[in-house]
Structures are given as C-alpha cells and as structure tokens.
Amino acid sequence: MSNYAAGLGKPGSGKRRIRDLLNQPDNRVCADCGASDPKWASANIGVFICLKCCGVHRSLGTHISKVLSVTLDEWSDEEVDSMIEIGGNASANSIYEAFLPDTCSKPGPDVNHDQRMRFIRAKYELQEFLKPSLRITSGKGSTKSSAFLTSSLSRKIMDSFRTNSSSQTMFQEGMVEFIGLLKVTIKKGTNLAIRDMMSSDPYVVLNLGKQKLQTTVMNSNLNPVWNQELMLSVPESYGPVKLQVYDYDTFSADDIMGEADIDIQPLITSAMAFGDPEMFGDMQIGKWLKSHDNPLIDDSIINIVDGKVKQEVQIKLQNVESGELELEMEWLPLDQ
C-alpha cells in the first residue's frame, strides 16, 4: 500500500473515500494510457481509468475487471476497502507493469482502439508484465474457470500488498517508492529529419526507469505540433528522462530520428526547495543551464506559474542531422 493511501482506510462514506483516493496525484491520470481526469475504476484490480480504457476493461468481462463509475455507481464496502488497500495507480502499476519490456510502449491517450486493446489485454488478462511468481495460467477453459483464476491472482496480489506493507518493501525486483509525478507536454518539433522519401511520420518516446510512454504518430510532418501530455512516476533514485524520436514504418522497423537526455534534477530540486508553490506568486525559482554536454538550445528556466512548478525546455536532437523539440515539464509532488 502506498504511504499516502494508508490514511484513507478509516471508516467513512464509501464514495467520499474513493474520491479522496482519486484526488491523489498518481490517480489523476488513467493507469493504462495516461489520459487526465479518469472517472472510472476497476474495483478488483485497483486502478482508475478513463472512458476509452473503461470500454476495453468492460470487454474483458467482470471476471477479469469489474468496472465501476466513481460518481454514478454504488460501491460495496469490500470494493472500497480493496481500492484503498492497493493504494491507487502507482502501486497497482508497479505490480502489473513490473516486467514491462523495453520493446513495449504504454499507449498514450490518443492511440487507436486496437493498440489500446492489445496493451490492456496483455497487462491484465494475459498477465505478460507481472512478476513470474504471480502469474496464473491455464489451458482453454470456461468463464467460470477464468473467473476462479483471476480471483486467485487478485488474492495473491492483495496478500503481497499486505505482507509488504508491514516490511516497507514491495517486490524488490519491480516495486519502487515514488517521490512525485512528472507531467511532460510534448509541444512541437521543428525541422525533423527525413526518413521516408520526402518526409517522416514522427512520434516521441519517453523512458524513465521501467516506464515507457509515447505520443501519437504525426503522418508526413517534419514540423509536427503534438501538444500532448505524458505522465511519468518519478522514483526516489531517478536519472534523466530518455527522449527519442522515431519515424513510424508499417512494414519495417521504425527509424530513429534523434534523441536527448532530459535532466530533471534542476526541476525537482527547485520544487522541493520552495515547498508548496501555491504559497508564492509567479516567479523564477531555478534554471537548467545550457552547456556543451547537454542538448539545450538556450538556458531552461524553472518558474512558479499559477501555483504550479513548470519548466520550458527547447532541445536540439542528438545523433541526427537535424531536428529540434519543444516541451514543458511540470512537477507534481505526491503529497500535494
């Protein structure tokens, strides 16, 4: 169980307790695609999800994912307690995505239905990213058999949460403690490299630890405008965000169109030094300086803007003949 969810286990209105859990920073985005402001939940899995992912979860059947509306449906005490005990998206994803391979990217909010379906099935129904000792497999069987297996899996995972809550460790191979969330808005690219006959079909991939997120593909566009938000959980021991741009190819491997390491330490250090940003007016609180060994085009300023800690970043893509990228980062502490 995540530390900040522990206090939600006290008696009270079920819907109020669920709403309180939903308001935690890591639950403000969909557990599966990162879409903002999810209003649905899988009560037996313990995650908050968006409307599009909700449709896929429903198609899996209630024996795999029991979907409830946070605001419209009635929740039983058992369902509420289960959600509280798991602690929300960050805790659940550290289990269900513990062994997410580098070759598999989480879908973004705007992916097509087929991509969304493939990822969610692999994550929950096929259990492809679970720790091997938690996986439960069977041959072809009935829905009743599948329901039993999924129930057994849920019990094993819940037992693991209970056991590790007391020891303060949770699946050392896959579970980490998070210190906050990093919202990255990929704004636009400029003069990107040509990888097809006369253009490219670019998309951006972000990597942090075991997390891998990507934007939508922009067809035949060397100056794409995404304005797409991606949300990363930041562990206690973090490194730079690895950014890569690829050209999407239908019949062959996607071609690299440049890369860059984004140093997030200046943002996090500045944010933690000032504490609650809502106590301050708009002001500059830090800076990531341009140097010969980083991809910055200009110094990157860190500001408090409307009670939020944000950083504008303009980078020149590395190891490629041309291309620049503009993005914005925002820091969201877990205790916000």
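The backbone N, Cα and C atoms fix where each Cβ goes, glycine too.
Fair warning: this is a prediction, and the values are worked out from it, not measured in the lab.
Per Swiss-Prot, domain 'Arf-GAP' is recorded for 15-137.
For the zinc finger (30-53), the residues of the chain that approach it from at least six positions outside its boundaries are 18, 22, 65-71, 75, 79, 82-83, 85-89, 91-93, 96, 106-109, 111, 113, 116, 119-120, 123-124, 150, 154, 213, 229-231, judged by C-beta separation under 8 angstroms. Marked as zinc finger by Swiss-Prot on the basis of sequence analysis: 30-53.
Under the heading domain 'C2', Swiss-Prot lists 162-280, citing sequence analysis as support. Helix, strand and coil content of the domain 'C2' (162-280), in residues and according to DSSP, is 19 helix, 50 strand, 50 coil.
Neighbour density for Asp255 (Ca(2+) binding site): within 10 A of its CB lie 16 other CB atoms from the protein chains shown. Residues annotated as Ca(2+) binding site in Swiss-Prot: Asp249, Ser252, Asp255.
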Would you count the other C-beta atoms found within 10 angstroms of the C-beta of Ser252 (Ca(2+) binding site) for me?
6
Helix, strand and coil residues within the zinc finger (30-53) as assigned by DSSP:
3 helix, 7 strand, 14 coil
Determine which residues of the same chain, besides Asp249, Ser252, Asp255, have their CB within 8 A of the center of the CB atoms at the recorded Ca(2+) site, and list them by sequence.
Arg195, Asp247, Tyr248, Phe251, Ala253, Asp254
DSSP-assigned states of the domain 'Arf-GAP' (15-137) in counts, ordered helix, strand, coil:
55 helix, 12 strand, 56 coil
Using all protein chains in view, find how many other C-beta atoms are within 10 Å of the C-beta of Asp249 (Ca(2+) binding site).
13
